[in-house]
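These notes are about the structure you will find just below.
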Amino acid sequence: MVKRATIIAVLVLSLISSCYGQVTVGYYNNKCGTKDVESIIRGVVQARFSYEAAIVAFLLRLQFHDCLGDKQCDASLLLAGPGSEQTAVPNFTVKGYDLIDAIKAALEQECPGVVSCSDIIAAATRDAVVLAGGSYYDVPMGRKDGLVGLASNVDLPPPDISVANAIQYYGKVGFSALETVVLLGGHTVGVTHCSVIKDRLYNYKGTQSADPDLDAFYVFFLGNIICHNDPNAVDMFVFLDSPDSVLTVDNSYYKMLLAHKGILPIDNAIAFDPSTSGYVNDLANNNDYFLDLFGKTIVKMGLIGVLTGNQGEIRQVCSKTN
């Protein structure tokens, strides 16, 4: 299985390289006077990470929702206002906007009108992934920012999507089944809320009991310690990975799945569906393999529907068009 998956990974990398077009690694070299654009971005991310390591989860989710929400990596998610993408239900809990604004302000001070908000998202996410233990990956840049961001254009998969439908969803933007499983690996630093999984804990498919696929001890822990079957209870956070690894980008998430501790229905499903279970096993057994593929898959995601050349603009402020 590893051999087959490795061949697929090589093909993925080849496809990524051929799709760069006007988006290239090192795009901002010598475009900000004597300053290094990526170093400025990295410095702001490092400062934030030093006291809020969860920023890696915020940025991964922000990039995911920006690129896949409307199938364009154009920072349209950053546009604020009535009817914007931010007002779509799946985006209610997206965070990290303030960090992108801080990076943008730092860059505008050094070289006004040069660096797009969409490139900031991609580079900042990479830097946070590395700080959280992930492998470094080059980020091709040169994106322009979109002019429109509408809630009505947002189409993101629900947490209870079936494996077949998930593969179909991601396949529409060029991802294989393996890449779908790797993208879900972003849950290694993810969280959800008790309200999202309450049916799995208390009333799975109307049975008045927990999902039998969930580890019994984990059901007790989640159902009695973290969550409570009470409509007036605080809607607590639930880690999608092991609590001792939730701030680290690693393959622990896949190990949790194999131990029947997948929190979201889709997490649990990919571990045991015949079309994806082999990939989950491979990734669970080789952290370096996961980290390598994760970086490459995030790069590929960051190329979805990019605007370049005369398309779009470079916003002066990320939350509004010029």
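Cβ coordinates come from backbone N, Cα and C, glycine included.
Bear in mind that the values here come from a model prediction, so they are computed numbers and not experimental data.
Straight from TrEMBL, the features:
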type	residues	note
ACT_SITE	H65	active site, proton acceptor
BINDING	D66, D74, S76, E85	Ca(2+) 1 binding site
BINDING	P157	substrate binding site
DISULFID	C32-C111	disulfide bond
DISULFID	C67-C73	disulfide bond
DISULFID	C117-C318	disulfide bond
DISULFID	C194-C227	disulfide bond
SITE	R61	site 'Transition state stabilizer'
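Shown in sequence order, C67, G69, D70, Q72, C73, A75, L77, L78, L79, S118, G146, G149 are the same-chain residues outside D66, D74, S76, E85 whose Cβ sits within 8 Å of the Cβ centre of the Ca(2+) 1 site. D74 (Ca(2+) 1 binding site) has its Cα within 10 Å of the Cα of these recorded positions: C117, taken from C32, R61, C117, P157, C227. Distance noted between the C-alpha atoms of C67 (disulfide bond) and S76 (Ca(2+) 1 binding site) is 9 Å. The recorded positions close to C318 (disulfide bond), defined as a CA atom within 10 A of its CA, are S76 out of H65, D66, S76, E85, P157. You'll find the Cα of C32 (disulfide bond) roughly 29 Å from the Cα of H65 (active site, proton acceptor). Closest to C117 (disulfide bond) in space, going by CA atoms and restricting to the recorded positions H65, S76, E85, is S76. D66 (Ca(2+) 1 binding site) sits 6 Å from C73 (disulfide bond), counting Cα to Cα.
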